[in-house]
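A short worksheet on the structure shown next.
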């Protein structure tokens, strides 16, 4: 966090009482009924960490989180330098707005022109892609966001760092009422300070934040009051919507925002389990055995949001970012009926051509005997409504 960000956060935090909920518990405690109240410190409804066959979060000797699978390799400084200096960048993002508008149009979301239609109240599910890993999900009488970033840059500063080449389809003020936000990890393209501040200013303590273990203090400094911090396999709910369960589930990634804070915060995916629908958000991840575990416990899902971009060069990126073929493997592992593509077409974060991910996705789907509707790609601002009553759902 830069100095301006720190000062802004201190000023903002003084507007709210420091009553964020630290849902931290020992796995040996009783597993009784959960209370999704903002001030609850009771145990969880069901702690899946008590099951011996789930992969639990793990810390190294230095107290920092580590990936527990052999599929992981740390991104060393020499390898980072090799990537930045030696590898050719094939992203080829055009500078022409006209060309970008033709190739990657940004649509006005339905909720701007027809705000009265926001909120799915029947058994259906609707998703709207707002760019990168930001998805607005409407299901089971709730509306929530994943990894919201509405800023121009994914960076500590809005004057440098990765810049959007496709604008956000809407502003935060144009969103319908949001009940919850899911954060997968603390990288700048998934946890955006300005977006957190703006969402908190608009919705206040009526907005519930679900965040990984270790992120609560940062959220408090931003002034967020209604925060639930979870370990892998822990769960909680939005007050008044206890039939919809938000479970923090594993992924293979890492965390860092400042020079010395590597992996002090956990990373993960989210499994949202409702009476009518089940939604999976993969966040940012390399391929690992966790997804079979998630599918075994919570599948089949009705819809999953799975990343397909930022994967080249593979020798460096494969540990932290899946490629389109691995995304299809996740689709299969978590046992989802449909998937939507995220984490592409917004920021140039790796070396593949900016239009390549959907092409590679379709090739992978063919190899797996799936069609484009099984794992679909939306335009920026586009929505997709899925109905449980539909035979093709």
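Placed from the backbone N, Cα and C atoms, the Cβ positions cover glycine too.
Swiss-Prot names 189, 190, 284 as Zn(2+) 2 ligands; from the candidate set 331, 343, 353, the record adds 343 to that same site. Residue 284 (Zn(2+) 1 binding site) has its Cα within 10 Å of the Cα of these binding-site residues: 190, taken from 190, 256, 260, 348. Checking each of the binding-site residues 189, 260, 348 against residue 253 (Zn(2+) 1 binding site) by C-alpha distance, the shortest gap belongs to 189. Most Cβ neighbours within 10 Å, among the binding-site residues 190, 253: 253 holds that distinction in the structure as shown. Summary of the Zn(2+) 2 site environment: with the site residues 189, 190, 284, 343 set aside, the chain residues having Cβ atoms within 8 Å of the Cβ mean position are 132, 133, 147, 184, 185, 187, 283, 307, 310.
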